[in-house]
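**Q** Heads up, here are the entries from Swiss-Prot:
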{"type": "ACT_SITE", "residues": "GLU183", "note": "active site, proton acceptor"}
{"type": "ACT_SITE", "residues": "LYS225", "note": "active site, schiff-base intermediate with dihydroxyacetone-P"}
{"type": "BINDING", "residues": "ARG53, LYS143", "note": "substrate binding site"}
{"type": "TRANSIT", "residues": "1-6", "note": "transit peptide"}
Amino acid sequence: GLTIRAGSYADELVKTAKTIASPGRGILAMDESNATCGKRLASIGLENTEVNRQAWRTLLVTVPTLGEYISGAILFEETLYQSTTDGRKIVDVLIEQNIIPGIKVDKGLVPLAGSNDESWCQGLDGLASRSAAYYQQGARFAKWRTVVSIPNGPSALAVKEAAWGLARYAAISQDNGLVPIVEPEILLDGEHGIDRTFEVAQKVWAEVFYYLAENNVQFEGILLKPSMVTPGAESKDKASPTKVAEYTLNLLHRRIPPAVPGIMFLSGGQSEVEATLNLNAMNKSPNPWHVSFSYARALQNTALKTWGGLPENVKAAQEALLFRAKSNSLAQLGKYYGDGESEEAKKELFVKGYSY
């Protein structure tokens with residue numbers, strides 16, 4: 001008969017996933033590629049040098065008590081092997097903070113031949129050996145971001161390619177001890193309304209779970225990183241947090257098995273406050289999975305602007321990051337009331353055609 005080999009890491013994967021999906025905690029996404037990190041640094045007038053990237057990443061991981069609100073941090077490969085400015089391994093600093101190190105493993109988006117100007121995500125070649133090396137280095141979870149564009153269709157081909165790539169990556173990750181974060185980002189770009197987003201998201205998640213099952217991925221040992229269901233960024237319609245929560249939870253209930261331990265939303269260019277309000281609205285009533293956050297810009301933005309590259313601003317910048325982490329922690333518990341928010345935190349962070 002057909003035997004499915006239980007992976008040697010099965011129990012560990014479940015434990016890792018549950019730890020990341022623990023009450024009041026979420027993920028700090030700090031896996032921007034060096035090029036994107038350079039854009040962040042340029043926005044505060046800094047050059048994109050390894051020293052500056054190291055200074056910024058050191059600021060992020062050394063925030064005192066960060067581990068109370070953050071359970072995992074996604075790193076870019078450079079960061080997984082990097083040390084802080086005072087010479088401690090970044091991985092060790094995270095572990096001391098009670099934060100599980102994760103690693104971005106995809107190799108970016110490239111044009112998908114035969115599609116309607118769409119992309120696919122590369123990085124499966126050599127993934128098994130890279131994953132094993134990342135595990136040795138201390139990583140315990142992985143991330144693979146593929147994208148679906150609504151203005152471009154999306155074509156059946158692009159959706160299938162996205163879903164299949166995610167499923168292969170997930171199987172390879174689990175085989176090497178890493179909990180895969182499954183991320184088919186449905187881009188905010190476009191003028192479409194919320195109903196169109198909902199329709200596309202249903203299609204995408206149906207295919208993703210079909211292929212995850214076909215690849216014998218253990219659902220208890222994965223995490224999801226979906227987009228919230230919102231109108232397109234250029235749409236005339238704006239949706240309240242209540243409406244975003246209603247549509248998004250409806251999608252999850254229809255498509256995501258309760259075996260999945262955690263759903264860690266991406267912010268996808270929402271403002272810091274918007275991302276927190278939407279998450280809070282989704283946690284107003286109990287859910288079958290841990291519904292939390294995996295934010296990059298929506299955790300880092302105010303901290304970056306506060307820092308401005310100046311050593312004397314490090315403490316204030318770290319406090320800004322901690323404030324955001326704490327706000328999202330409250331939102332994970334459904335207890336965020338929007339107190340003490342700055343104008344900077346309310347700024348729209350959407351960038352057209354954004355790439356990590």
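Cβ coordinates are placed from backbone N, Cα and C, and glycine is handled just like the others.
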**Q** Cα distance, LYS225 (active site, schiff-base intermediate with dihydroxyacetone-P) to ARG53 (substrate binding site), nearest Å?
**A** 25
**Q** Which residues, sitting 6 or more apart from LYS143 (substrate binding site) on the same chain, put a CB under 8 Å from its CB?
**A** ALA29, ASP31, ILE74, GLY102, ILE103, LYS104, VAL105, ASP106, PRO180, ILE181, GLU183, LYS225
**Q** Suppose we draw a 10 Å sphere around the Cβ of the residue listed as 'active site, schiff-base intermediate with dihydroxyacetone-P'. How many other Cβ atoms does it contain, all chains included?
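**A** I count 23 other Cβ atoms within 10 Å of it.
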**Q** Have a look around ARG53 (substrate binding site) and count the other CB atoms within 10 A of its CB, chains all included.
**A** 21
**Q** Would you identify the secondary structure of ARG53 (substrate binding site) according to DSSP, in three states?
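**A** For ARG53 (substrate binding site) - judged by DSSP and reduced to three states - the answer is helix.
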**Q** I'd like the Cβ neighbour count for GLU183 (active site, proton acceptor), meaning other Cβ atoms within 10 Å of its Cβ, all protein chains included.
**A** 26
